[in-house]
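Enquirer: Sequence annotations record features per position, and here Swiss-Prot assigns ATP binding site to 69, 70, 71, 72, 73, 74, 75, 76. What Swiss-Prot lists as domain 'Helicase ATP-binding' is 56-226, and the listing cites sequence analysis. The domain 'Helicase C-terminal' annotation in Swiss-Prot covers 237-385. Positions annotated as motif 'Q motif' by Swiss-Prot: 25-53. What Swiss-Prot records for 174-177 is motif 'DEAD box'.
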C-alpha cells in the first residue's frame with residue numbers, strides 16, 4: 001500500500017493501459033494448494049476466463065493489481081481464488097478484506113468464497129448492514145480469515161476494534177467505481193488508514209473515472225494493470241435493440257406487447273426510480289403478468305427472498321433499480337429491458353451485462369423516447385455501436 005504513487009497520473013480517464021500480458025491458461029498451472037484446486041473444479045470451473053488467466057498469478061505473487069473488467073467476466077472468482085491461496089488457515093484472524101457496494105453483492109461474494117474454499121478450513125463472514133451489530137460482532141470475534149462487506153458496516157466494525165486489521169494481507173475493492181460514486185469515499189479512505197502498510201491492494205472496476213484513479217495513485221504501489229478489452233467483455237455477446245417510443249406513456253403498452261410475444265427464460269426490467277419500479281409492478285400485475293420487484297427501500301430480508309425466488313427460477317421477470325445492476329449473478333437471465341435509459345454510460349454497461357454472464361448470449365432492449373435521443377446517440381458513439 002502506497003501513499004504517493006504517481007504511476008497512473010497520465011492515464012486518461014475511462015480506460016487503463018495494460019502493463020502485464022502474461023497468461024496462465026489452466027488452473028493446474030497456477031500451483032494452487034491441492035484443496036483449493038479441488039474446490040475450484042468442484043465449483044464448476046474448467047478453465048480460467050480471460051481475467052482469471054491474467055490476474056490470479058500477479059495477485060498470488062503479491063503485486064498490487066488494478067483490473068478493469070466488467071461483471072460477468074469471472075472477476076469474483078479471480079480475487080476469491082487469490083485470497084484463498086494466500087491466507088493462513090491455521091490463523092484465526094482476518095487476513096483478506098473484500099469491499100463491495102451492495103449487501104447483495106457482498107453476500108454473493110461470500111457464497112463464492114465459501115464454495116471454492118469448501119475443502120479448506122476457512123471461515124468467511126459477510127459484514128453488512130441489515131443484520132444485527134451484535135451478530136456481526138460475535139462472528140468477527142471468532143476470527144474469520146476472509147471478511148466480505150459493505151463500506152459502512154466494515155468501517156463501523158473496524159472503529160469498534162471488533163474487526164482487527166493487524167494480520168491483514170490483502171484488501172480488495174470490488175466495483176470500485178460504484179462504491180466511490182455512491183459517497184463511500186471517506187469511509188474507504190479511513191479504512192485504508194487502519195490497514196498495515198504492507199497490505200496488498202487489489203482494485204476491480206468496470207470503468208475508471210477520476211475518483212477511482214485517485215485511489216490507485218494514493219494507495220497502490222507500482223500496480224500491475226490489467227485491462228480485459230471490450231472485445232472480451234460480456235457486451236460482445238449481447239444484441240442491443242432500440243425501440244422508439246414517442247411518448248413516455250406509451251412505454252407500458254409497448255412492454256405488454258413485448259411480454260406477450262417474446263419467449264423469456266428470465267428477464268430484468270430496469271427503471272430509474274424506486275417509485276417507477278412500484279408503479280410498473282402494479283400496472284403489469286393488474287394486466288395479469290407475473291412479475292416481482294426489488295429496490296433499496298425494501299427490508300434486507302424481503303430483498304433476500306425476492307433474489308432467492310429469482311435465482312431459483314420461480315420468479316421469471318424482475319423489475320429493479322440500479323441496485324441490481326452491479327454484480328448480481330443470475331445465470332439464466334437472457335433479456336434485459338431498459339424501461340428507462342440509465343443516467344450514465346457506466347450503468348448501461350452494468351445493466352445489460354446481466355444478460356450475458358460469462359460470455360453467454362443475451363439481448364438488451366432499450367425504450368427510447370424523444371427526450372432520450374441525444375443521450376442514446378452519445379452512448380452509441382462511446383460504445384462503438
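Keep in mind that glycine also has a Cβ here, set from the backbone N, Cα and C atoms.
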Enquirer: Mind giving me a neighbour count for residue 73 (ATP binding site)? Other Cβ atoms within 10 Å of its Cβ, every protein chain shown.
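Expert: So the Cβ neighbour count for residue 73 (ATP binding site) comes to 24.
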Enquirer: What is the total of other Cβ atoms whose distance to the Cβ of residue 76 (ATP binding site) is within 10 Å?
Expert: 24
Enquirer: Excluding the flanking five residues on each side, which residues at least 6 beyond the ends of the motif 'Q motif' (25-53) place their CB within less than 8 Å of a CB in that stretch?
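Expert: Those are 60, 67, 69, 73-75, 77-78, 81, 84-85, 112, 115-120, 226, 228, 232, 358-359, in sequence order.
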Enquirer: Looking only at the motif 'DEAD box' (174-177), what are its DSSP counts of helix, strand and coil residues?
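Expert: Secondary-structure breakdown of the motif 'DEAD box' (174-177): 2 helix, 0 strand, 2 coil.
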